[in-house]
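**Q** This is the structure I want to talk about, given as structure tokens.
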Amino acid sequence: MAEDVSSTAPSPRGCADGRDADPTEEQMAQTQRNDQDQFECQELLECQVQVGAPDEEEEEEEDSGLVAEAEAVAAGWMLHFLCLSLCRAFRDGRSEDFRRTRNSAEAIIHGLSSLTACQLRTIYICQFLTRIAAGKTLDAQFENDERITPLESALMIWGSIEKEHDKLHEEIQNLIKIPAIAVCMENGNFKEAEEVFERIFGDPNSHMPFKSKLLMIISQKDTFHSFFQHFSYYHMMEKIKSYVNYVLSEKSSTFLMKAAAKVVESKRTRTITSQDKPSGNDVEMETEANLDTRKSVSDKQSAVTESSEGTVSLLRSHKNLFLSKLQHGTQQQDLNKKERRVGTPQSTKKKKESRRATESRIPVSKSQPVTPEKHRARKRQAWLWEEDKNLRSGVRKYGEGNWSKILLHYKFNNRTSVMLKDRWRTMKKLKLISSDSE
């Protein structure tokens, strides 16, 4: 998916360095967004007044199509809000918050049956930050091609986000290219550094003054050359954070943030103490309503995704893009092919159970740039898609129970025979044995 993704519509944003691409069009677009947000806020306030038990006749005549559309709109609000939270966690270096928000955004994307151009761009931003966060983890795989490093994948996604912007786009693009090579050299992978160089700078039509110098540095294996100081990892992160600040200022005007701000302002003006029971009841009612809505969104959209090939491809393609390692090798180009089917659809029940089973999976990375803290050693290691595939192949060849033989003939990541046995039992319970596409 990280290859040249055909955008469904031009980005409605101005230049990322603060300049307006087209003042007239930008102002018109902003006015339309503000009008739409104001309309949505008014609709929300009117709906709050009407909250109550529905009449039996209304309940019987409920328009399922209207409900599905309303849930899709709400999911879009949550997606934009989670993108904001992800940006803040990335900027502030809060690794645990980044991971939790990433997983929440992933869950929202699971339920999207279609994408607007704005939602697609929002997803690209989340994917880009996820790759950057895993930039120094060379074994983190985001593409079908196992050779592609996280920063290379981020570079390809970046080309899909900001192509129309010149200055900031070019600066970040160059600042990603050099660290992508430097990270390999820092890990002693000089052969891999040469391969990354060829993939990034191999275009004969590209004219960059430092290409020959960089190639010489790689051949000399000079990891600490002064050249890398001008294109350091730190400078790359700082420049990306400046872009993140731009996204935060842009998306702070989204509907959900405006509605939340109005609620906060209203509560402040009432000057109610923390021990005021009516206020507490109001908050509880709002929370319960939100939880009910969220549950409805999850149930309805899961039903929609099961019957739509395009939705299934979106679900499968975006899931691995948020995790630090690729779990479904055939999913990456789904969005590139405009939501065409690549994987096999999974049942709604299996999706929900699988999602619960993977919620606690945390990528292990000693040098993840967003993580100032060390991961706890007690965190369980996530099972990769390749490991599940090898386990299924091993059982087919040697039979269930021959775990030692399967472990000997297939590649697993520091697993034991007991782990294979437990994983097989889990896969059978979650119905992952024959439904996953290989």
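Placed from the backbone N, Cα and C atoms, the Cβ positions cover glycine too.
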**Q** For the record in Swiss-Prot, which of the ranges 143-168, 195-220, 247-272, 403-428 is the DNA-binding region one?
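**A** Checked against Swiss-Prot: DNA-binding region maps to 403-428.
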**Q** Under 8 Å Cβ-Cβ from Lys213 (SUMO2 cross-link), six or more apart in the same chain: what's there?
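**A** Looking at Cβ-Cβ distances below 8 Å from Lys213 (SUMO2 cross-link), excluding near sequence neighbours, one finds Phe227.
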**Q** Mind checking how the DNA-binding region (403-428) divides into helix, strand and coil residues in DSSP?
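**A** Per DSSP, the residues of the DNA-binding region (403-428) fall into 19 helix, 0 strand, 7 coil.
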**Q** Looking at Cβ-Cβ distances, which residues of the chain lie under 8 angstroms from Ser219 (phosphoserine) while being 6 or more apart from it?
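**A** Result: Glu194.
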